[in-house]
Structure formats: C-alpha cells, structure tokens
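These come from TrEMBL:
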BINDING   Arg41  L-glutamate binding site
BINDING   Ala76, Ser77, Trp100, Thr148, Asp167, Gln190, Asn232, Thr233  pyridoxal 5'-phosphate binding site
DOMAIN    5-340  domain 'Aminotransferase class V'
MOD_RES   Lys191  N6-(pyridoxal phosphate)lysine
Amino acid sequence: MKKHNFSAGPCILPQEVMLKAAAAVQELDGIGLSLIEISHRSKEFVAIIEKARSLALELLGLENKGYQALFLQGGASTQFLNVAYNLLENKAGYINTGTWSLKAIKEARLFGEVIEVASSQEQNFNHIPKNIVVPSDLDYLHLTSNNTIYGTQFKSFPDVAVPLVCDMSSDIFSRQLDFSKFDLIYAGAQKNMGPAGTVLVVVKEDILGKVSRKIPSMCNYQVHIEKDSMFNTPAVFPVYVSMLTMQWLKDLGGIAAIEELNEKKANLIYSEIDLNPVFSGIAKKEDRSNMNATFNITDDTLVETFDKMCLEAGISGIKGHRSVGGYRASMYNALPLESVGVLVDIMSEVERKA
Ligand code: PMP
C-alpha cells in the first residue's frame, strides 16, 4: 500500500512523474538507451535541460524579463555561499527566520559585512518578523520564504530598493507571487520539484558582475549562464525528474491551480488543529506555512495512541524536527487532499478517545 507521505523533504512527488522517470531509466523515449547512460551533450538531454529551464521561468511568470534559470549542484546550501560570492561587495542584510537563514548568514559572513535586519530567533522562530525596516545601503536583502523546520511562511515581502534574494527551497511553485519582485531565487529540488541532487537558481542577469573579487567558475552564476547551465555535467536524473514535475504542474493549470489545492490542504489541517483541544499549533497563526504544519499534542498520554493510529493508517513522516519537537505535516504540491483527510480523521478520533 502506498503510504500517505508527509515527509519534509525529500518528499512526495507526483505518481505519474515517478512512473515516467522509472521508464526513462530503462529507456528514454524509445531511443534504445537509458536516460542515465547518455551524454549530457546529446540532443536528447540538451532538449530536456532547455525544457526544464524554460518551464521554470514560465511557471514563475519570468519569461523575457531578464532572468535566467539554472540547474546547478551542491543543493541550496551551496547557494548560501554563492549568493554572497556573486553579490556581496560591502554589506548584505539577512532576515533570520530559522536554521536555514542562519546557515546562509554564516556563509555570507565569509565574504563581507552581514547585518541581521530582523530576527525571530528569540521565540524559537515561531513567527515571521513584522514591520521590517530595510537599510538602503545593502548590496542585497536575503530571506527564506518558507521555514521548513518551524512551519512559518512569509505571506508578504518587504518592499525594498535593493536586490531581493530568496531561498524558496520549501515553497517554490506552491503559491502565486509576483516573482519579479525577486532578483535571485534559489530552491533545492527535493520538495516541490524533484529528487535531491539539483538546485534551481533563477537570477536576474543585471544584478551580476558588480563585485570586484574573482569568482571561481563553479561558483560564478555568469559562467553557468554563458554555458547554458552545462558548465559541468548536470545532474541528469534530477533535472529530468524536475522537468517532468514542472510539466505535470503546467498541465494541471500551473501555480494558480496548485495554490488552490494547497490552500484546501492547509485549511483542513489548521482548522482541525484550532478546533481540536488535543492539538495545538506551534507557529503563530498569521504566519503559518501552507507547506509544513507544525503542532503538538497537549496531552502526553495520547501520544502513543496517535502515533499508533498514524502508523496503522500508513501515515509517514510527521515527526517534528528535533529542534522543534512535536509533529510536522508537510503538504507539498504532490500530496493529495485525501492524505490530509486521513490525518485529520485520526486527529478527531484521538479527541473522541481523550
Ligand atoms: N533552505 C531550506 C528552506 C530548506 O528547507 C533546506 C533543506 N532542504 C535547505 C535550504 C538546504 O537544502 P540542501 O539540503 O539542498 O542544501
């Protein structure tokens, strides 16, 4: 039986994508060769990566607006340093909303002055800072749109006069935004896009080339742009699966369609958390993430019952991150509404047993 997969990442991907990906490992589109045994310079793979790059821009509404989409390696974590390498000359501002922001700050400090423009650290990152004042002398402002571990999400973004850089690893392609507000977006593949192994970087080309330092080729966004995202051998399988997932999303009606479903899923679980006295939400209501719902059980004696019922119903991956505890139900794009329904039914059943 296929489980209800609430894993925070790597996570659920659309079933039809899995089937196509599995078939392509056997044989890609009737060419007599596997996807993973052909040259990345073959016409077949060049077409795949070009499709992936154009689908990313199309879904985000960023075609013909001076942006380039790259599929690089080293995960979102490498972008923590690449962002600073490519953009930080004097001073950068970071909004600190959790572990991933902190890691980004740590890397950026290797390259120049970094200030924390706002932080929610004092309350263990249970909310998104408000009324943020952004200095105008920054090289860029960096933020993490969705905080995977704590279950918080920016619902609106500060208006800034400096380039805006965003780690969208855990909510890319999940909701409609004016993506042209951002000058650089990056996202590890392993949530809403594909298997781990590639990272999407969408960068507005005119913010590059402004720092005086020399940048090693593999870290240099301009080099990757000039080489059509093929400076070195791309992660062919993750790029292929990402392309399939983006095509799946496009066929579904794009981000607008999936946002509607994501809202239904989030409303379903959060209304249960709010109405059911056995459970309490961890993140502040107004900042709750539509991707990762974090919650506790208010009565410790019911933990065993809840865990057992989840296990029996095939619910997988809802244990909270060790730094937050409790539970975390991740509801990425490919998670069906029915899976959230199964979880919510168990939550109300636990209340009846209380
Ligand atoms: N940023 C966010 C918001 C994340 O959730 C994660 C974890 N997937 C990362 C960055 C780190 O990503 P990676 O493991 O691809 O380096």
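From the backbone N, Cα and C atoms, a Cβ is placed for every residue, glycine too.
These numbers come from a predicted model, not from an experiment.
Feature map: TrEMBL annotations on the structure.
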residue: Arg41; record: L-glutamate binding site; DSSP (3 states): coil
residue: Ala76; record: pyridoxal 5'-phosphate binding site; DSSP (3 states): helix
residue: Trp100; record: pyridoxal 5'-phosphate binding site; DSSP (3 states): helix
residue: Thr148; record: pyridoxal 5'-phosphate binding site; DSSP (3 states): coil
residue: Asp167; record: pyridoxal 5'-phosphate binding site; DSSP (3 states): strand
residue: Gln190; record: pyridoxal 5'-phosphate binding site; DSSP (3 states): coil
residue: Asn232; record: pyridoxal 5'-phosphate binding site; DSSP (3 states): coil
Filtered recorded positions, from Arg41, Ser77, Trp100, Lys191, whose Cβ is under 6 Å from an atom of ligand 1: Ser77, Trp100
Which recorded positions sit within 10 Å of Arg41 (L-glutamate binding site) - Cα, from Trp100, Asp167, Gln190, Lys191: none
Counting Cβ atoms within 10 Å of each Cβ, the densest environment among the binding-site residues Gln190, Asn232 belongs to Gln190
Let me make sure I understand the span of the pyridoxal 5'-phosphate site: among Ala76, Ser77, Trp100, Thr148, Asp167, Gln190, Asn232, Thr233, what is the greatest distance between any two Cα atoms, in Å? 30
Thr233 (pyridoxal 5'-phosphate binding site) CB neighbourhood, other CB atoms within 10 A: 11
